[in-house]
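Going by Swiss-Prot, these are the annotated features:
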- 4-149: domain 'PTS EIIA type-2' (DOMAIN)
- His68: phosphohistidine (MOD_RES)
- His68: active site, tele-phosphohistidine intermediate (ACT_SITE)
- 168-264: domain 'PTS EIIB type-2' (DOMAIN)
- Cys174: phosphocysteine (MOD_RES)
- Cys174: active site, phosphocysteine intermediate (ACT_SITE)
- 298-675: domain 'PTS EIIC type-2' (DOMAIN)
- 306-326: transmembrane segment (TRANSMEM)
- 352-372: transmembrane segment (TRANSMEM)
- 377-397: transmembrane segment (TRANSMEM)
- 410-430: transmembrane segment (TRANSMEM)
- 449-469: transmembrane segment (TRANSMEM)
- 488-508: transmembrane segment (TRANSMEM)
- 530-550: transmembrane segment (TRANSMEM)
- 565-585: transmembrane segment (TRANSMEM)
- 590-610: transmembrane segment (TRANSMEM)
- 643-663: transmembrane segment (TRANSMEM)
Amino acid sequence: MFKNLLRPSLFFNWSQKTFKNKFSFLKQAANALQKQAVINDNNVAFEALKKREEEITTGIITSLALPHLQSQSVIEPFVAVFKVKNLDWQSLDQKPVKLIFLIGVLVDKTNLHLDFISNFSKLMLNETFASKVLNVTSYNGLIKLIDLFNQQKVQDQPAVETKKEYDFVAVTACPTGIAHTFMAKEALEAFAKKHNLYVKVETQGTDGIQNQLTSDDINNAKGVILACDRLIDFSRFYANKNVIEVSTTKAIKKPDEVYELIKNQKGKQLANSAKPTNQTQLAESEGEFNFNNFHKRIYRAILSGVSYMLPFVVFGGILIALSFLIDINNANNAGGNFGTINPVANWLNKLGGISFSLIVPILSAYIAYALVSRQGLLPGFVVGLISSGQFLLNIVLTNGTIEWLAPSQVSSGFFGAIFGGLLSACLIIVQQNYIYKKLPQSLQGIKNILFIPLFGTLFTAGLFWVINIPLIYLNYGLSLFLNIMNSPILAPLLGFVIGLMMCFDLGGPINKAAYVFGVVSLQNQNAGTISMAAAMLSGMVPPLSIALAASIRKSCFDKQELPAAYACYLMGLSFISEGAIPFVVKKPKVMLTANLIAGAICGALTGAFALSIRAPHGGVFVFALLKTTLQGIEGATLQTGVGIGLALVCLIISMIVGSSIIIGYDLIAKHNQRKQNLNS
């Protein structure tokens, strides 16, 4: 019985005490528990309780909190009850707490506290019990109240035989696998009982999977609710076509809204048996020979192609940039051969050139691969090579003369790669579904070995050979646009926009679009560009701002966050924007504001200083490849030296702005918290 964890000596009526905040309460609670000999180290216990609260609040029911302690400091399992007066617990509903159940558990034994949470949750979801328990002032009063409502409990579920189909099944899982996991379960079951619904809820907590759903449960349910705050195995739910994904908090606070989604068939069928965890799985899962949800698959296919392309960009771009660095002594008199005079520089330049020449074919091929799997690779590569200008058909862009069989000296670049990859996939689908579908069984074996690779690729290449003409002009227009935007007047605006995009979603589609634009500018202009410099410098700003804020004011971050915050120095200097993601997730408003403002400033300054770089990646380690083309600064050495100095100025100013916003927000938030505590 879960009430056996309660005891008279662990009921504390502290309604006359005042606490600065919940951490002040936890400190005093740890001291009181050590005096009662249920823990042996109040400091260790306090740190464990504090860490748990910093992960996610345990104030999950109106006016009640369930902090839990799982630590080596616990001598024996216990539940301590604290009666307090309107303590701000930063609860989910933002209401003050009046009653606290502090649960202590041995490190290697979790069943007792899970039993308490599960059973007590059922009582708290009874509105009458929830209102009365907040008024108890003694251990005896609490026990009598629990006994009274335990006697009145009825079965939560109707008999299995009464219905064969569940109204919904659900899985609940939170990061720690304790309170939210079970509260979400109880909230869903209480809602189901109230509305006479037949349900089954599986929990995936610290005690493993309980009440596990079978394949029959899932397949025969009207819908599936995945109330999960962490990744679980989704492959079991593919057969159900009405799957809803929500947080445990949503399931706890608004189970009615969640059920309405199930009831109105607003769910979806999960993509091919599992959520893909990497790009290879994405490509395999999306390799369908049909046009179902094709518009949605296009977006994911392009991102997949970009991810395959990026290693070629980084490798080739950095090697080419290093060749210029090694050949720096010949910069002023090498003319068009700069980067190839020195033998080592020439070797690196040629090797980097091979890698760089493959980025368009790789992009095209893997866009097709992501849509139709392996059959898209051959036509995708071929049209990608045509896009990069490695075939016949030349256009004199100034007068529009087309030389059909002349070696190509123009390219459609990334425009051709994207369109060509999509065209290849579409034609594969058409061939599979309409052209070769009625072949006799004896010929099906050679369809994928001979017919589609040979005739399909020939047709795709011939069609794209013609379609590529307007794409060449589109790419030419982009080159003209970049030349215009590199002017002293418009360059700051270009940098401003790229800086905003780079810092918006840190590795997401908008960030990738800005970065790819910088890479495109490198390829189109065959030289260092402002776009690439703006993308790299502004992408370094978010992690560097966080690191500087942590160095100036440690209290902006939790103790556990500080090592990661300091590590952002290295992440930022290496141009790894993703180092800032954990901090953005935890404090999205302040971090996103700081990132956008600081990144936009950095990008605008990059344009104003006419900074350019030849390398697509590397951060501070490729700063020697920076240069400025500001008027009056002549000579490669001087342009590089001044360029490095101005790049550091851009970073320092942006870091100061970003860290100031983070620190300022922290000061304001803590001032408001102190003011609120005084008023209460």
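The backbone N, Cα and C atoms fix where each Cβ goes, glycine too.
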Per Cβ pairs under 8 Å, the stretch of 306-326, 352-372, 590-610, 643-663 packing most closely against the transmembrane segment (410-430): 352-372
The domain 'PTS EIIB type-2' (168-264), counted residue by residue under DSSP: helix, strand, coil: 39 helix, 25 strand, 33 coil
Secondary structure composition of the domain 'PTS EIIA type-2' (4-149) [DSSP: H/G/I, E/B, coil]: 65 helix, 30 strand, 51 coil
His68 (phosphohistidine), number of other Cβ atoms within 10 Å: 23
